[in-house]
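S.K.: Before I ask anything, let me first share the structure, which is written out below as structure tokens.
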Amino acid sequence: MKSTSATKFSVLAAATFAAAHGIVSDIKFDNDWYTSSLVYQDPYANPVPERITWSFFGSGNGPVADFTTKDIVCNGNAKAAALVADVKAGATATFYWTVWPESHRGPVMTYLANCGGDCRTVDPSSLSYFKIDHAGYENGEWISDKIIANNNSYSLTIPEDIAPGNYLIRHELLALHSAYDELGAQFYPMCANLKISGSGTANPPGVKFPGAYKKDDAGILVNIYNGLTSYQIPGPEPYKSGSGSSDNAAEAVSSAAAEEPAAAATSAAAEEPAAAATSAAAATSAAX
């Protein structure tokens, strides 16, 4: 659902997430705020809220157990979202995570995939994903630490020159605290349905999930405690609007979260039934 103001910010209290894991709780595209699929609230609501984000209720807030399987696309046994967010090319997207544990250091990566038709009926593993943003380790600091310092939020720009259409946006954090073991890297992916408008024509080449990440990739099988001086972010280089070249966006950590500092303490109670009534008008419905 789309909330009418930042006061709907539904980041869960830290006590809700006793385990050291996390999910995206909210997404903002420019000034439009959407509550994400909430794994510990939505399954017990009646009716279950419709979201723009794909749900993975059975997986909780933990990582994908095996990133060589289809679970790496949109998380474990992900189910298609009912709603679609209308987003302009060139918009700023801000992802708000639940309280992220400091020990879970690693990169952040975001991809887009053109669904061709309706993203709500597509097999996400059949799509081609092009990276639009990533950030990792720079000047001795992990991007995950910057995200924590910015109210557990991260911002990036939707490429302004991509062709309009229906897209999945795939956003993930990768925790590397156990990545010294094979399959020890912890991926936390999620997907959301977008309808991107604009006058662009770019259709960048992409990669497949699963397949884009290998067990022995330098940025996946790595010991971050062993004198790390540099880090290679997994996957391709990000598409840079207008040129097709890469663009490391480590500086894109969101400061927007500071606009509503009190909202970070808002519990799931903020997701009152009345807000659910606004969802049909706030996002594209199944009829769109």
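Quick reminder: no glycine exception, Cβ is built from N, Cα and C everywhere.
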S.K.: Of the ranges 96-130, 166-200, 236-270, which one does Swiss-Prot list as region 'Disordered'?
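M.R.: Region 'Disordered', as annotated by Swiss-Prot, spans 236-270.
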S.K.: Measuring Cα to Cα, how many Å separate His177 (O2 binding site) from His104 (Cu(2+) binding site)?
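M.R.: The Cα atom of His177 (O2 binding site) is 6 Å away from the Cα atom of His104 (Cu(2+) binding site).
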S.K.: Report, as a single number, how many Cβ atoms besides its own are within 10 Å of the Cβ of Tyr188 (Cu(2+) binding site).
M.R.: 24
S.K.: Would you identify which of the disulfide-bonded residues Cys115, Cys191 has the most other C-beta atoms lying within 10 angstroms of its C-beta?
M.R.: Cys191
S.K.: Going by Cα-Cα distance, which of the recorded positions (His21, His104, Cys115, Asn151) sits nearest to Cys191 (disulfide bond)?
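M.R.: Checking each of His21, His104, Cys115, Asn151 against Cys191 (disulfide bond), the shortest Cα distance is to Cys115.
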